[in-house]
C-alpha cells in the first residue's frame with residue numbers, strides 16, 4: 001500500500017469516526033437535555049474536555065503517542081480561543097431563535113473561505129464554490145424555519161462565527177507549522193479549553209436557563225447519560241482534530257452539515273420528531289451538494305498529485321542527466337565522465 005493510499009484510508013476513517021461519534025453524542029445529549037432536563041450544555045462541554053484530557057493522559061502513559069511540547073503561548077491562545085468559541089455558540093443559541101442559530105452555523109463556511117482566501121492566499125475553484133452554495137442552500141431549507149433578529153443575539157453570533165472560523169483554521173495550521181499530530185495538539189490544548197469553559201460554563205448556563213448546575217438533582221439516569229456523553233466526547237474531540245488536520249476547516253464544516261442531516265433523519269426514525277416535505281427536500285439538496293463537493297475535491301486532489309509527480313520526475317531527470325546539468329550550468333560532470341575526457345599530456349608530447 002502506497003503512502004497516498006494510506007493517507008486516503010486514514011482520511012476516510014477519520015471522517016467516518018467523526019460522523020458516527022457526533023451523531024451518537026447528539027442523540028445522547030438530546031435525551032439528556034430534553035428527556036432528563038439537564039440543560040447545562042456549556043458546563044457539560046467542560047466535563048467532556050476534562051475526560052478527553054484524562055483519557056489522552058492515560059494513552060500517553062501507555063505510550064500510545066509521544067508527547068511533543070511546542071510553543072506554550074500558541075497552545076494557550078488556541079485553547080482559550082477554542083473554549084471561547086464553544087461558549088459563544090451556546091450564547092448565540094440562547095439569545096437567538098433556532099432558525100437564526102442555524103443561519104449562524106451556515107455562515108461559518110463562507111467566513112472560513114473568506115479568511116483563508118485573504119490571509120492564506122488559498123484558492124477555491126468555481127466548482128468548489130458552486131458545491132458549497134448548493135450544500136448551504138439545502139441545509140438552509142432543511143433547518144432554518146424562523147428568523148427573529150435582535151441586536152445582542154446578532155453581535156454574539158458574529159463573534160461566535162469569527163472565533164469558530166479562526167479556531168478551526170488554527171487547528172489545521174498549528175499541526176502543519178509545528179509538525180504535531182492531532183492527538184498531540186488535542187492533549188496540550190484540552191486543559192486550557194476545559195478550564196475556560198469550567199470557569200464561564202456555570203455562569204453562562206445560569207444566564208441561559210436561570211438554573212444552578214450544582215443544585216441540579218443528579219439521579220442515576222442523569223449520571224449514567226452524563227458519563228456516556230463524556231465517553232463519546234473523547235471520540236468526538238479526537239476525530240474533530242484529526243479531520244481538520246487531514247483535510248481542511250471547510251471540509252470539516254461540510255462534514256458537520258452531513259451530521260445535521262443525519263441527526264434530522266435519525267430524529268424522525270428513532271424519536272418520531274416532526275418531519276415535513278421541506279426537511280426532505282433540503283436534505284436531498286444538501287446531499288447533492290456534499291456529493292458534488294466530494295467529487296470536486298477528489299478531482300482537484302488527483303490533478304495536484306499528477307502535477308507533483310510530473311514535477312518530481314522532471315527534477316530527478318535533471319539531477320541524473322549530466323549533459324542537462326552542464327547545459328543549464330547547474331552542475332559539474334561526474335568524475336567518471338571527466339576521467340574519460342581527453343587531456344593534454346605535456347610529458348608525452350616531449351617524449352614523442
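Please read every residue number as a count from 1 along the shown chain.
Here the Cβ of each residue, glycine as well, is placed from N, Cα and C on the backbone.
Just so you know, TrEMBL annotations never went through curation; they're auto-generated.
Look at TrEMBL and you will find 12-33 (among others) tagged as transmembrane segment.
Residues or ranges marked as domain 'Sugar phosphate transporter' by TrEMBL: 21-294.
According to TrEMBL, the transmembrane segment annotation covers 45-62 (among others).
What TrEMBL lists as transmembrane segment is 74-93 (among others).
Same-chain residues lying 6+ beyond the ends of the transmembrane segment (127-145) with a Cβ under 8 Å from its Cβ atoms: 98-99, 102-103, 106, 109-110, 113, 250, 254, 257, 260-261, 264, 278-279, 281-290, 292-293, 295-297, 299-300. According to TrEMBL, the feature transmembrane segment maps to 127-145 (among others).
Residues annotated as transmembrane segment in TrEMBL: 151-173 (among others).
The transmembrane segment annotation in TrEMBL covers 185-204 (among others).
As annotated by TrEMBL, transmembrane segment applies to 224-245 (among others).
Among the features that TrEMBL reports, transmembrane segment is placed at 252-271 (among others). Counting same-chain residues at least six beyond the ends of the transmembrane segment (252-271), those with a Cβ under 8 angstroms from any Cβ of the stretch are 15, 18-19, 22-23, 26-27, 30, 105, 108-109, 112, 132, 135-136, 139, 142-143, 168, 240, 243-244, 279, 283, 286-287, 290, 293.
Residues 125, 127-128, 130-143, 254, 257-258, 261, 264-265, 268 of the same chain lie 6 or more positions beyond the ends of the transmembrane segment (277-296) yet place their CB under 8 Å from a CB of it. As annotated by TrEMBL, transmembrane segment applies to 277-296 (among others).
Counted over residue pairs 6 or more apart, the CB atoms of the transmembrane segment (74-93) and the transmembrane segment (185-204) come under 8 Å in at least three pairs, which marks the two as touching.
Same-chain residues lying 6+ beyond the ends of the transmembrane segment (224-245) with a Cβ under 8 Å from its Cβ atoms: 11, 14-15, 17-18, 21-22, 24-25, 28-29, 31-32, 36, 38, 44, 47-49, 51-52, 55, 168, 171-172, 175-176, 181-183, 185-186, 190, 251-252, 255. In terms of C-beta pairs under 8 Å, the stretch of 12-33, 151-173, 185-204 lying closest in packing to the transmembrane segment (45-62) is 185-204. The list of residues near the transmembrane segment (12-33) in space but at least 6 beyond its ends in sequence, with Cβ under 8 angstroms from a Cβ of it, reads 39, 41, 44, 222, 225-226, 228-229, 232-233, 235-236, 238-240, 242-243, 246-247, 252, 255-256, 258-259, 262-263, 266-267, 270-271.
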